[in-house]
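Heads up: the structure comes next, in structure tokens.
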Amino acid sequence: MSNKKADSKPQAKYPVNLLDTPFPMRGDLPKREPQWVKEWEERGIYEKIRAASKGRPKFILHDGPPYANGDIHLGHAVNKILKDIVVKSRNMAGFDAPYVPGWDCHGMPIEIQIEKQFGKSLPAAEVMSKARAYATEQIEKQKVGFKRLGVLGDWANPYKTMNFVNEAEEIRALGKIIEKGYVYRGLKPVNWCFDCGSALAEAEVEYKDRTDPTIDVMFAFAEPEKTAQAFGLPALPRAEGGIVIWTTTPWTIPANQALNLHPEIVYALVDTERGLLIIAEERVAACMADFKLTGRVVATAPGVKLANLRFHHPLASAHPGYKRTAPVYLGDYVTTDTGTGVVHSSPAYGIEDFMSCKAHGMTDSDFINPVMGDGRYIESLPLFGGLSIWDANPKIVDALNVAGSLLRSEKYTHSYMHCWRHKTPIIYRATSQWFAGMDVTPRDDGRTLREAALEGVEATAFYPSWGKQRLFSMIANRPDWTLSRQRQWGVPMAFFVHKETGELHPRTLELLEEVAKRVEQSGIEAWQSLDPRELIGDDANMYEKNRDTLDVWFDSGTTHWHVLRGSHKDQLQFPADLYLEGSDQHRGWFHSSLLTASMIDGRAPYKGLLTHGFTVDGEGRKMSKSLGNGVDPHEVANRLGAEIIRLWIASTDYSGELAISEEILKRVTEGYRRIRNTLRFLLANLSDFDFAQHAVPVDEWLEIDRYAVAFSAQLQTELLGHYEKYEFHPVVAKLQTYCSEDLGGFYLDVLKDRLYTSAADSRARRSAQTALYHLTHGLLRVLAPFLSFTAEEAWKVFQPASDTVFTETYYAYPEVAGSAALIDKWALLRDVRGNVTKALEEARTANRIGSSLQAEVAVHASGARYDALTSLGDDLKFVLITSAATVVKVDDEAQESVDVAASKYQKCERCWHYREDVGAHADHPTLCGRCFSNLFENGEIRSAA
């Protein structure tokens, strides 16, 4: 009767230590994560982290501000989560690492939104108030999205470039660089967007393919005698002909003022059916084929001999307004890669053209600049007045043809500049702007801005390292920075300029401070409503308010001034330890911040720059609406959990492109489950363990427990090294291996027998639990920076009296004597175990055994392996998870092998081992002697496993 009862309900009669935990197997992340976000906010977890970190060394990751417009996208998620991992890992490494999020609030996109909603005729004051309200609304929307991703920070007190104090400090920063002499006003070709009606920064320009007419145009001889002399001829063989240029911008022809030749390139005078043509000698054959002409070279001369010759404008015969000549200027930038080796120069529409004409004595008033800010020619331009330049292109080609100047016209697809906001083509256009001079030597420093910035690049640590050369090249080759913009919603360049000379008021620095004080109280609206007489009295008769606003890259580029040392100086400090953004920011925020700090402080505003790549789909394609391959982080968070996004980001090498697809997310989810299952096992088997009451001293632990803790401590050292270098994907890879192989596939697998079958309060079981306690402490802390929701959920089960895992620092594992030798020894044992597992699998496949516990093995080993195996004594069988194990000594590695035999004994009902002593106690015929002792006597004695 009793036996039958025991058989039907063995757990009741012969219980094992199978424990449970409130930490569930299923994460149910989409449901639980929002609860954690709410709880973190309600309980002030970020503030608790700050309190716990107070007094530690500071680590400042300065947040590059996203633009306050639109929903967050996957790129935002990558950026914010990487920052969150850095900040959390630095806090846990023993630093005081605050995170102050920020937003970029001024500029064109918001102004466009206001125009769309309310029209273009709003008074400036209304534009301002509506823009502020719109930006505030967008910030709140984005803030919810970032919090949902598990990002902790000072969300209640972010910085905003539109906050009055920040606007005021930007004006003060402008004053600083004026005081040092960097700022000047000048006419220069700048990137100009017709839709924006404003200059653009380099970072606001993108390149896309565009098809334009490409034309070869002849400028007729104006000085035939001088031209003949230049070629060493007594006279030109015929009067017809001229010099030939090639261009992809016909719209610039009406503004032509010069021609450029390379001084050392040899030019040929070619006799053709269209007259004498001057072309670079090495381009003659290609050009004749393109023009469908036959030609004979009459004479040659280097470019230097042709300098200052003049040629008629190609539209001279079409309209008297073009009856002018263009001189030849020499330029090293002319090449013979394409075209004719001759460049036509419209100085108002090209930087090199402008510089060349300036160098040859042209003044600002000499430049022909017929294109207005909206992309149309001035009405007075002959033939094409009032036309859009793009509409004028074909008409100009036709006019050139009628004038007899056109040699060839074709369609040409090329990479061309576009506005990053409007996606429309832009041009270089000479306008009067305020610039920061790259090669200006300031009043208080012997280095130019370019030199100081390049030194700043050299002093900065780059992650990955290739970023250094990229930024260095950009700084080395960039033109002067166009600081001014022609918009309303922006920080004003609050100058008073002389109505006739354009000079700044002599009290400009003092006046800027007065304006800044007003802006600090009332915002940039204070400048809009300011009557000049309030500040400059009767000087208002001679001086007027400058209407330009600052480039928004100056807004964000001076956050090291108006945030780190301004609005949030109590939390932050200068320079920042790290700026972390996408790789496009080498020409954006990294770049503008470097220039402003180099001007203000003579150094970079950061010690390190971390760059991440862009997101692509599973096939490596960029995400776009047209491809329909975009991934919405909000949708993924609601379907799979933000934790899956966090794990995907942490496990991907962010230095390149970050690929995402359903298949990739599926793999990430599987990896997450393995980690979660490991945590569940640890927590369940610690649910009856009280460290204060049950902990076993280190020197009394079983050997495998000492090994597990020593191994985990060694791994943690590696992981912290990766964290310190911002290498997150090796952290994830090693932790996944640790959970699935080192713990799940080995240590926890071996431990199950001891945890489940040893006496509940035995030294052997408490030794295992003590080790698991330390492992859990260590594991949760190294997981917390990226698996934040899960680590917190597990932590609250593990340490319910503690506020949060995020106030902890990385775990100090107990010292294990002889840990290095122990790790080496168990590496050998695990290697042998792998061979035994393989032999057991082969025996199972051959139907010689069922489970591994049905087997008895004999391990033939030599040398160190033999010594390691025999040192375990009878505990070897627990490590191999067999019912019996013996070791046979052999001479060398070649003789090593594993013999597997099925046990001839009965299976214990409780521990499932096959043992000779099953049934040795008549009252318990299905129980082995080991289980009998563990249940009813003093329990078995183990030393190793």
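The backbone N, Cα and C atoms fix where each Cβ goes, glycine too.
Note that the structure is a prediction, hence the values are computed from the model and not measured.
Between the listed ranges 482-486, 547-551, 622-626, Swiss-Prot ties the annotation motif ''KMSKS' region' to 622-626.
Each of the binding-site residues Cys908, Cys911, Cys928, Cys931 was scored by the number of other CB atoms within 10 A of its CB, and the lowest score belongs to Cys911.
For Glu581 (L-isoleucyl-5'-AMP binding site), applying a Cβ distance below 8 Å and a minimum sequence separation of six or more within one chain yields Gly64, Asn79, Gly588, Trp589, Phe590, Leu610, Thr611, His612.
The motif ''HIGH' region' (66-76): residue composition by secondary structure is 3 helix, 1 strand, 7 coil, according to DSSP. Annotated Zn(2+) site Cys908, Cys911, Cys928, Cys931; additional same-chain residues within 8 Å of its Cβ mean position, judged by their own Cβ, are Thr757, Glu909, Arg910, Trp912, His913, Arg915, Val918, Leu927, Gly929, Arg930, Phe932.
Averaged over the motif ''HIGH' region' (66-76), the predicted model has a pLDDT of 93. When secondary structure is read from DSSP and collapsed to three states, Glu581 (L-isoleucyl-5'-AMP binding site) falls in the strand class.
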